[in-house]
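Engineer: So that we are looking at the same thing, I have put the structure below in structure tokens.
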Amino acid sequence: QCAQANEMTLIYYFSHHTANACLFPVCALHHVAVTTVEGIGNTKSRLHPAQERIAKSHGSQCGFCTPGIVMSMYTLLRNKPEPKMEDIEDAFQGNLCRCTGYRPILEGYRTFAKAMMSSSLFNSSEFQPLDPTQEPIFPPELMTQSNKQQKQLCFRGERVMWIQPTTLKELVALKSQYPNAKLVVGNTEMRLKNMLHSYNHPSVGRTILLICLFTGITFGAACTLSSVEEVLRKVVAELPPYKAEVFQAVLEQLRWFAGPQIRNVAALGGNIMTASPISDLNPVLMASGSKLTLVSNQGKRTITMDEKFFTGYRKTIVKPEEILLSVEIPYSKKGEYFSAFKQASRREDDIAIVTCGMRVLFQDGTNRVEEIKLSYGGMAPTTVLALKTCKELTGRDWNEKLLQDACRLLAGEMDLSPSAPGGMVDFRRTLTLSFFFKFYLTVLQKLSKNHNGTVSAAREGRFREGGSVLQDELSSLEDGEWRISWSCVLLQEVPRGQAVEDMVGRPLMHVSAAKQACGEAVYCDDIPHYENELYLTLVTSTKAHAKILSVDASEAQSVPGFVCFVSAKDVPGSNITGIANDETVFAEDVVTCVGHIIGAVLADTQEHSRRAAKVVKIKYEELKPIVTIQEAIEKQSFLKSIKRINKGDVKKGFEESDHILEGEMYLGGQEHFYLETHCTLAVPKGEDGEMELFVSTQNLMKTQEFTANALGVPSNRIVVRVKRMGGGFGGKETRNTILTTVVAVAAFKTGRPVRCMLDRDEDMLISGGRHPFLGRYKVGFMKNGKVKSLEVSYYGNGGNSVDLSYGVMDRALLHLDNSYNIPNVSSVGIVCKTNLPSNTAFRGFGGPQGMMIAECWMSDLARKCGLPPEEVRKLNLYHEGDLTHFNQKLEGFTLRRCWDECLSSSSYHARKKLIEEFNKQNRWKKRGMCIIPTKFGISFTVPFLNQAGALVHVYTDGSVLLTHGGTEMGQGLHTKMIQVASRSLGIPTSNIYISETSTNTVPNTSPTAASVSADINGMAIHNACQTILKRLEPIKQSNPKGSWEDWVSSAYENCVSLSATGIPDLGYDFEKNEGKPFCYFSYGVACSEVEIDCLTGDHKNIRTDIVMDVGTSLNPAIDIGQVTWASTQGLGLFTMEELRYSPEGNLYTRGPGMYKIPAFGDIPTEFYVSLLRDCPNSKAVYSSKAVGEPPLFLSASVFYAIKDAIYSARKDSGLTEPFRLDSPATPERIRNACVDIFTKMCPSAEPGTFKPWSVRV
């Protein structure tokens, strides 16, 4: 979750626990053994099975997250050598990956569960077996410590003192001495605060106890959540169900509480005392009347956790000198029922939007309420009880009238200001009612069972539209059994007769996978520190648009280790930078976004530089910002280049149409969330302005050019080197330069090496992301669904500079048709200039936005015609030889093959009937299904970028050093290039090595982007290899039986050069609508099925089938990985990932706490991927096709499956017209679209009557 994906195993009490190294205090590791990924295996001796299997199953791509995932698996295996599949999936709840799509990780680790499976991508019989007897033993010195008397420890730092007491008496005395000190157990809350808000506190350690009483179970406040969970599971198994109602609710909340890395160290008492208003457990503890025992030097006291406990935001009635000693969670009684609910943006490892605990006690043998407690989190600055509602419901019978009154009362009592922090006001209010309705049904069901199957007066009427039986409502209570993901891939066959040593078309493992699995792979920040190195921290604007009045760094100078402050006056060359020369290295007079770089602080350590940067004071004169697309349209704030594509006669097309449909759709932006944040190390060489830059970048050429420009030296003095990146996705194509130029200027000024790696919140704040889009459309069509005419306007939020926005908009316009033949088109693309950080390249580069809006109107017109959407889509698909709206002829058009194959393999029609039946039988759960095509153009739309270079060195021992212009960021480019060179030279892949990409080996490289890197670099490598083979030909003829090594040695002796370079008719005119913008197209089709919870907005991805045309695959394992990786990233784009900005342009979602990418549990339960066979592509190396970006849009099938399910829900409420659903389809949007009696009880405030907490940019 931080910039570094660091995870470790803690060994204490003779068991193993995963923990986040970035959160766990070093001081707390006394008497604890720590194992990191380097300690379990390595490439020099032996990989641990957990390392080997993730590598060989292709589960490591960029590799930055791999060590953490390996350690999660290792910990599980140490505790359960023969885990079940559900154990494996549970172990990964706290892990995130942005590259693999999770499928290959689960597929490889499923072999530990001995699940029946086979894979065409790896041979599991080759895996070494797990032998628990070969694992390291528990450290003997720690075993002996348990019998010794412990001593109080005290650690003193520059500003912090850490005290670890050994007895309660010591702890009480320390709290009396330091009443404002924070008690730290897991440090999960304090570390995040320190990272984001720079809090500092003296700290004390832990104490643990567990007592079972007649009234309940008492846990020591420092019991970890994992231990609470373990104890309660055992207790629930032994107790009669009626006594375990509260415990079951606690377990349900803990099931989705963070991940095991957090639960293993976070304490029950910490969860209470942080007083979070969205705590998962506090509503349960409050509703159950749990008791808290407090202790101080004045003695003990016991209080009930009720409505008086929380006194304000993050405040409680606990006195500063008091310690929370224990928490008693009560047994439930006969006639008492308890439930807990939570809704979050993501099911796994996510904070709550709204959470609740609900308890009701009935009078003996009746359904009359004796006592009721309804407690909510997320509805106020504190956890609250609905006191008025509870009072009104007491003494009432549990029936339909009570339900109606309860919802009416809750709607009034759990009200929120339309400007409430956190936003989502309508959604949160509706959830309070939805949760109560679920509770009502749960209790009704239990009452029915306990009263011999009769509920007597429980249901006097129907509290909903329609009148079906009770069973269709009870489906809303089913959470489903544990999901076990399953996947299947169908590959192309290697041609018969292909030589065994020819690796093209074979699933070769990523060349760095083993190193990545062992923690040996070197990323930018892993480069050892130079002796006199300095660390840099940026100083950025806190205003979206303002004049800079003054910058005062005087206070920073008093911070230990401070060296200097760098700003615009220190730039030796030009302060002007950017793709369009409309940006600055440092802001001088005006800032144009929050996060605009004003200066930087240099110090001897990272900690010192960050402390110093925080005390730099800047005074502003604020100016009115433009933040949203709508504001930009109103104020005509556009970047100059406005593009249009027109074809046919649009007016005539509309006149001939049977129907005309108009509408609009908004697509939110997306954060790249590469696991490795931006990082640069600049090393000045001390003569002639030379500088060496180690950078995490996709674009060496622009990094070199912009740095040289800032330093005022020629590009030949700047060497840029890239070993590998921990993900890129377009985010490191140009935006890395805003950091690299600053670091280079700092290194130039000081003459010393300077390093900077951004924290996650810094990276998200300053680097921009995918362009938000607004599409407005007017489409004319016939009764049969055939499209006749389209008029469309695209608006993209470009941010405060041009960057790559023109190219993004070009591609959006070129993909406005998706895969459909539209005879008459009028389109315009406008980039809005706003006061946000410049948005930039992101996988798909405008294509997904253009296609998504096409599918929006296609979906709605099918509904308007009353025809099945799949029939209307197929009717409008292109055919071979058709001309696109930009007049490019479609050749090798395989999309219809993909379509038919996907329909067949997914059993689309049979499953559609089952879905219709399911929806008839279920009121509050609905399923939907959708099949979506994609046609993605391959090439840079700027023609001169479609070139590449390669350098091939052959050494006298026959080994080959290969260098090319592409960079490795997890996509397996280096692996594919080695395969290309291997076939070209006719030698084993083991003879070929790629060290890095650098500007002093291959000049003027195009960025690794646009999905073309394998095409252009592969051809460059092929050409270079052919040059060498041509030189070797006379030698081979003179010694035809010689080996490769013989020929190379002879060539050297005959002074034949063993080094060669290689370099591989595109162009399009928007004004004339002529030319050929793309070399070829990649095609694919996906079918997805989902299930939505109409009451909460949750959705489950049940199944996805993908058929993808990748030509003749160079490496099916990598290509399958690209398909699943892209589709998972698309799943995030279209259903989860939401950037939230304040009206003033301040980004709220600056880290994984608020910004949610897909986790392991979000991928489809069933995932089938097939590579289309017999479809060679004559326009790329060895008949292959690009695969990086094209599959991303296929996740739109999930979005439109969700929309299909919502249609079914709305139909039950009597609504049948098309409706608007913007992207992403978050739980909030899904729930609000499922209009019903509950949403109607929570009407929206009138726009313009309040200031919203967040705005749609």
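Just so you know, glycine gets a Cβ as well, placed from its N, Cα and C.
Nobody curates TrEMBL annotations by hand; they come from automatic prediction.
Pasting the relevant annotations from TrEMBL:
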type	residues	note
ACT_SITE	E1189	active site, proton acceptor
BINDING	C22	[2Fe-2S] cluster 1 binding site
BINDING	C62, C65, C97, C99	[2Fe-2S] cluster 2 binding site
BINDING	F257, D280, L324, K342	FAD binding site
BINDING	Q698, F729, R843, A1010	Mo-molybdopterin binding site
BINDING	E733, R811, F845, T941	substrate binding site
DOMAIN	155-334	domain 'FAD-binding PCMH-type'
Engineer: Using Cα coordinates, what distance in whole Å links C62 ([2Fe-2S] cluster 2 binding site) and F729 (Mo-molybdopterin binding site)?
Structural biologist: 11
Engineer: Can you check which residue among the binding-site residues C22, C65, C99, A1010 has the largest number of Cβ atoms within 10 Å of its own?
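Structural biologist: Per the Cβ count, the most surrounded site is C99.
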Engineer: Relative to the Cβ position of C62 ([2Fe-2S] cluster 2 binding site), how many further Cβ atoms are located within 10 Å?
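Structural biologist: The answer is 31 other Cβ atoms.
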Engineer: Using Cα coordinates, what distance in whole Å links R811 (substrate binding site) and D280 (FAD binding site)?
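Structural biologist: Rounded to the nearest whole number, the Cα-Cα distance is 44 Å.
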Engineer: Please name which of the binding-site residues listed here, D280, E733, R843, T941, is nearest in space to C97 ([2Fe-2S] cluster 2 binding site), Cα against Cα.
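Structural biologist: Closest recorded candidate to C97 ([2Fe-2S] cluster 2 binding site) by Cα: R843.
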Engineer: Given the binding-site residues C97, L324, and counting only Cβ atoms in the protein chains shown, which has the most within 10 Å of its Cβ?
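Structural biologist: Most Cβ neighbours within 10 Å: C97.
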Engineer: Going by a 10 angstroms cut-off between Cβ atoms, which of the recorded positions D280, E733, E1189 has the sparsest surroundings?
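Structural biologist: With the recorded positions D280, E733, E1189, fewest surrounding Cβ atoms within 10 Å: E733.
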Engineer: Rounding to the nearest whole angstrom, report the longest C-alpha distance spanning E733, R811, F845, T941, listed for substrate.
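Structural biologist: Of all Cα pairs among the recorded substrate binders, the widest measures 17 Å.
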Engineer: Just going by other Cβ atoms within 10 Å, which of the binding-site residues Q698, T941 has the emptiest spot?
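Structural biologist: If we count Cβ atoms within 10 Å for the binding-site residues Q698, T941, the smallest count is at T941.
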Engineer: Which one of these binding-site residues has the most other Cβ atoms within 10 Å of its own Cβ: F257, F729, F845?
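Structural biologist: Of F257, F729, F845, the one with the most crowded Cβ is F729.
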Engineer: For K342 (FAD binding site) and E733 (substrate binding site), determine the Cα separation and express it in whole Å.
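Structural biologist: So the Cα of E733 (substrate binding site) lies 39 Å away from that of K342 (FAD binding site).
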Engineer: Roughly how many angstrom lie between the C-alpha atoms of R843 (Mo-molybdopterin binding site) and C65 ([2Fe-2S] cluster 2 binding site)?
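Structural biologist: About 20 Å separates the two Cα atoms.
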Engineer: Nearest to F729 (Mo-molybdopterin binding site) in three-dimensional space, by Cα, is which of the recorded positions C22, F257, D280, T941, E1189?
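Structural biologist: Of the recorded positions C22, F257, D280, T941, E1189, E1189 has its Cα closest to that of F729 (Mo-molybdopterin binding site).
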Engineer: Near K342 (FAD binding site), how many other Cβ atoms are within 10 Å of its Cβ?
Structural biologist: 27
Engineer: Rounded to a whole angstrom, what is the C-alpha distance between C22 ([2Fe-2S] cluster 1 binding site) and C65 ([2Fe-2S] cluster 2 binding site)?
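Structural biologist: Each residue's Cα considered, C22 ([2Fe-2S] cluster 1 binding site) and C65 ([2Fe-2S] cluster 2 binding site) end up 14 Å apart.
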